[in-house]
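**Student:** I'd like to ask some things about the structure below.
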């Protein structure tokens with residue numbers, strides 16, 4: 001039996017998503033498998049993450065799946081995309097998005113300028129692996145741990161301010177997913193600071209290297225502030241555009257564009 005699923009394809013600075021309203025899904029779908037199928041770039045629609053959303057009385061619930069079918073706890077770029085989609089469909093400009101118990105306050109200033117208040121971040125390193133293991137790993141790849149910091153923005157990030165070549169970023173990103181280092185994996189940010197800007201590339205847990213990462217931008221901005229490398233406001237630079245970041249009363253606010261690519265129907269065999 002073949003069923004149709006309405007979907008929207010969007011991206012934030014090249015970080016792309018397939019977005020589906022929960023009302024268009026039957027309860028019989030295996031959502032993890034559906035995410036893997038729709039995310040496949042050759043036989044599906046293709047995306048970095050698969051997003052399901054549902055409208056409630058005063059907020060929208062967002063569920064995030066990685067391309068390997070695992071779940072994610074936060075995605076800043078997907079939040080901006082969802083806020084823009086809701087704005088286009090309803091005209092709402094102030095939108096609250098819930099991901100688990102994380103509340104994200106969004107404002108659509110215009111179609112190309114969406115801000116998301118992601119709240120506060122935590123530098124509690126309770127989820128960090130044994131320091132000896134980290135030192136051994138860092139020495140192997142010539143990473144300066146004095147310029148490396150862990151930050152939890154709703155999902156875990158390691159921010160590395162040492163300069164690594166792209167091929168080394170891939171290796172380090174992959175190998176930091178080892179269970180003996182981070183039991184649940186980790187998002188790895190490679191940050192280079194110039195003139196109060198952070199030039200950023202991110203290895204996302206469950207997705208690999210992506211063209212942009214909103215939660216990585218928030219975590220790296222917070223880490224840069226803590227280390228004194230930058231001041232607020234600042235700019236995060238990705239390959240396909242920038243995000244403006246600022247800190248207000250302990251909250252991190254991200255601002256940038258989101259792009260609608262397509263609306264369509266996906267044919268799903270059940």
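Glycine residues also receive a Cβ, built from the backbone N, Cα and C atoms like all the rest.
The annotation active site, proton donor is assigned in Swiss-Prot to 75. For 213, the entry in Swiss-Prot reads active site, proton acceptor, with the evidence type sequence analysis. Annotated substrate binding site per Swiss-Prot: 15, 49, 66, 76, 77, 155, 187, 204, 205, 214, 215, in sequence order.
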**Student:** For the substrate binding residues given in the record (15, 49, 66, 76, 77, 155, 187, 204, 205, 214, 215), what is the largest pairwise C-alpha separation in angstrom?
**Tutor:** 17
**Student:** According to DSSP, does residue 77 (substrate binding site) sit in a helix, a strand, or coil?
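**Tutor:** Assignment for residue 77 (substrate binding site) reads helix.
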**Student:** Rounded to the nearest Å, what's the C-alpha distance separating residue 75 (active site, proton donor) and residue 66 (substrate binding site)? Just drop the number here, would you?
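**Tutor:** With the alpha carbons as reference points, the distance is 10 Å.
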**Student:** What does DSSP say about residue 215 (substrate binding site): helix, strand or coil?
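**Tutor:** Looking at the DSSP assignment, residue 215 (substrate binding site) belongs to a helix.
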**Student:** Any same-chain residues 6+ apart from residue 205 (substrate binding site) with CB under 8 Å of its CB? Would you list them in sequence order, or say none?
**Tutor:** 66, 70, 72, 155, 156, 177, 184, 185, 186, 187
**Student:** Give me the non-local Cβ neighbours of residue 215 (substrate binding site): same chain, 6+ apart in sequence, Cβ-Cβ under 8 Å, ordered along the sequence.
**Tutor:** 74, 75, 76, 118, 153, 154, 155, 157, 187
**Student:** Compute the mean position of the Cβ atoms of 15, 49, 66, 76, 77, 155, 187, 204, 205, 214, 215, which form the recorded substrate site, and then list in sequence order the other residues of that chain whose Cβ is within 8 Å of it.
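**Tutor:** Apart from 15, 49, 66, 76, 77, 155, 187, 204, 205, 214, 215, the close residues are 48, 64, 72, 74, 75, 78, 202, 207, 210, 213, 216.
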**Student:** Would you count the other C-beta atoms found within 10 angstroms of the C-beta of residue 77 (substrate binding site) for me?
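**Tutor:** Its Cβ has 32 other Cβ atoms within 10 Å.
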**Student:** Could you tell me the C-alpha distance between residue 15 (substrate binding site) and residue 213 (active site, proton acceptor) in angstrom, no decimals?
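**Tutor:** On Cα coordinates alone, these residues lie 7 Å apart.
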